[in-house]
Amino acid sequence: MPPYTIVYFPVRGRCEAMRMLLADQGQSWKEEVVTIDTWMQGLLKPTCLYGQLPKFEDGDLTLYQSNAILRHLGRSLGLYGKNQREAAQMDMVNDGVEDLRGKYVTLIYTNYENGKNDYVKALPGHLKPFETLLSQNQGGKAFIVGDQISFADYNLLDLLLIHQVLAPGCLDNFPLLSAYVARLSARPKIKAFLSSPEHVNRPINGNGKQ
């Protein structure tokens, strides 16, 4: 029985980063898929701490909130930096990822048709901080922080991949980010995950946008 269970909708959404992390680290996990119809029946929602998914189980530990789950896996699997300085920088990166993901989710679920063009125009300004951070770490040839992969890398990689679907070419003016995505996506276990039917056949969002 896998030690980890992901309870979530049949989409990539807020779980694909943790799935990539688990796959890359050679961990097995179980998926409990909650259909929209099941969720709309209203019986599961009151049992969830914040009334939302994902729900994550690590043995007898149950967690909610996707970033809390990522940080837990980071601590558990040695993906949280070598010291407090690196850990603090990883937290900063991850919060930056969450800021942009929040903007993306708002676009997808509330204003896709009318807001996409303005969103894409503003996107370079939101991507630039990550390019800057890469440039400050080993010339952008390694990870976002330090010399070992971290939970923040998986979250950033997922964010960049979904934006490449939304706006192909969005990284063309960011050579370090472009190389970073290619480099991480080529890690054998991530490459296998990204080409797996489970990933390929899972839509990014739950409303047919992307």
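Along the chain as shown, residues are numbered 1 onward.
Backbone N, Cα and C atoms are what each Cβ position is placed from, and that goes for glycine too.
Swiss-Prot lists 2-81 with the feature domain 'GST N-terminal'.
Marked as phosphotyrosine by Swiss-Prot on the basis of similarity to another entry: TYR4. Taken residue by residue with DSSP, TYR4 (phosphotyrosine) is part of a strand. For TYR4 (phosphotyrosine), the same-chain residues that are 6 or more apart in sequence and have a Cβ closer than 8 Å to its Cβ are LEU22, GLN27, SER28, TRP29, LYS30, PHE56, GLU57, ASP58.
The Cβ of GLN65 (glutathione binding site) lies under 8 Å from the Cβ of TYR50, each on the same chain and at least six residues away in sequence. Taken from Swiss-Prot, the feature glutathione binding site applies to TYR8, ARG14, TRP39, LYS45, GLN52, LEU53, GLN65, SER66, supported by a curator's inference.
The Cβ of THR62 (phosphothreonine) lies under 8 Å from the Cβ of LYS55, PHE56, each on the same chain and at least six residues away in sequence. Swiss-Prot lists THR62 with the feature phosphothreonine, giving similarity to another entry as the kind of evidence.
For 83-204, the entry in Swiss-Prot reads domain 'GST C-terminal'.
Within the same chain, the residues at least 6 positions away from LYS103 (N6-succinyllysine) whose Cβ sits under 8 Å from its Cβ are TYR119, HIS126, listed in sequence order. Marked as N6-succinyllysine by Swiss-Prot: LYS103 (among others).
Non-local neighbourhood of LYS116 (N6-succinyllysine): LEU107, LEU166, each in the same chain, at least six residues away, with C-beta under 8 Å from its C-beta. The N6-succinyllysine annotation in Swiss-Prot covers LYS116 (among others).
Among the features that Swiss-Prot reports, N6-acetyllysine is placed at LYS128. Neighbour list (LYS128 (N6-acetyllysine), Cβ cut-off 8 Å, at least 6 residues apart, same chain): PHE174. DSSP assigns LYS128 (N6-acetyllysine) to a helical segment in the three-state reduction.
Maximum C-alpha to C-alpha distance over the listed glutathione-binding residues TYR8, ARG14, TRP39, LYS45, GLN52, LEU53, GLN65, SER66 is 18 Å.
Secondary structure from DSSP puts SER66 (glutathione binding site) in a helix. The average pLDDT computed over the domain 'GST N-terminal' (2-81) stands at 97. Of all the binding-site residues given, namely GLN52, SER66, the one with the smallest number of surrounding CB atoms inside 10 A is GLN52.
The DSSP breakdown of the domain 'GST C-terminal' (83-204), given as helix, strand and coil counts, is 92 helix, 0 strand, 30 coil.
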